[in-house]
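S.K.: Okay, handing you the structure first.
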Amino acid sequence: MDNFLALTLSGTTPRVTQGKGAGFRWRWLGHGLLELTPDAPVDRALILSAGIHGNETAPVEMLDKLLSALYSGSLTLTWRVLVVLGNPQALAAGIRYCHSDMNRMFGGRWQSFAESDETRRARELELSLETFFSSGQARVRWHLDLHTAIRGSHHLRFGVLPQRDRPWETDFLAWLGAAGLEALVFHQAPGGTFTHFSSEHFGALSCTLELGKALPFGQNDLTQFSITSQALSALLSGVEMSTSSSPPLRYRVVSQITRHSDKFTLYMDAQTLNFTAFAKGTLLAEEGDKRVTVTHDVEYVLFPNPSVACGLRAGLMLERLP
């Protein structure tokens with residue numbers, strides 16, 4: 001199965017759907033779904049996902065290179081792994097999504113969207129994770145969902161962590177720092193993301209990794225993510241990474257800007273970078289007679305997007321943690 005990406009993009013079913021790699025067994029579970037199981041017993045399970053948005057291709061290329069290293073035997077596998085290419089149709093078309101944003105649909109929220117390929121795929125991925133986690137006895141469960149951002153950022157690589165009732169494990173946060181993430185953003189409320197679903201339903205330590213800017217296949221400079229690729233290789237092979245000398249900055253979400261109607265105006269232009277700072281009292285958005293302003297001394301914007309569909313998030317506002 002050294003042509004997983006090509007098969008996924010073409011929508012082709014392989015003639016052989018299971019086999020042996022170098023020290024592991026593989027099973028093709030469907031388009032964009034590949035299970036890898038080491039020959040030796042392990043108690044660690046990992047979801048490695050990318051391509052939830054079809055125009056975010058750099059992480060897909062990174063996973064393709066990792067799979068090539070595993071199949072060639074140059075990389076040893078020490079986790080049960082489910083590789084997920086989230087939205088094959090959008091990936092093949094080179095667009096963010098075909099109908100609706102899948103990363104708002106998980107945890108059953110797909111039921112509130114008009115039926116589409118994305119709603120069906122979100123349901124399929126939920127079932128795939130349920131099957132994967134229930135079929136093993138993993139003591140450790142991780143989910144790394146790899147993305148790229150629509151716009152530039154003051155932090156080239158950063159992580160977004162779902163709301164979680166229990167404290168985050170230090171080795172997980174340390175690995176994120178070793179993977180080159182410059183900042184970590186902690187959600188304070190549930191959401192429809194893939195990582196919130198895996199964390200809430202299966203107790204996984206989950207993080208959305210944002211790696212640079214969205215570009216078409218073949219136009220990505222993967223060298224700027226070499227530290228993340230090296231960390232993923234070390235993780236898969238069970239090699240401990242040295243901790244970062246400068247730990248990631250930490251932020252928490254303090255509010256969400258939501259577009260409710262066509263009267264919505266976001267006062268940020270296309271050049272506004274993720275993590276741009278705004279002073280207390282700054283007008284961020286208006287919608288009819290409702291005004292959204294900065295309420296803390298300093299807040300930082302994340303994922304500003306004035307053109308989202310009505311009812312969806314047009315941005316997050318953050319505060320720095322000590």
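Residue 1 is the first one shown; counting continues down the chain.
Backbone N, Cα and C define each Cβ position, glycine as well.
Keep in mind the model is a prediction, meaning the values are calculated, not measured.
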S.K.: Looking at Zn(2+) binding as recorded in Swiss-Prot, which candidate out of HIS143, HIS147, HIS154, HIS155 goes with HIS53, GLU56?
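M.R.: So, going by the record in Swiss-Prot, that would be HIS147.
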S.K.: What are the other residues, in sequence order, whose C-beta lies within 8 angstroms of the center of the C-beta atoms of HIS53, GLU56, HIS147 at the Zn(2+) site?
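M.R.: Residues close to the Zn(2+) site, other than HIS53, GLU56, HIS147: ALA50, GLY51, ILE52, GLY54, ASN55, PRO59, ARG96, LEU146, THR148, ALA149, ALA214.
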S.K.: Between HIS53 (Zn(2+) binding site) and GLU210 (active site), how far is it from one CA atom to the other, in Å?
M.R.: 12
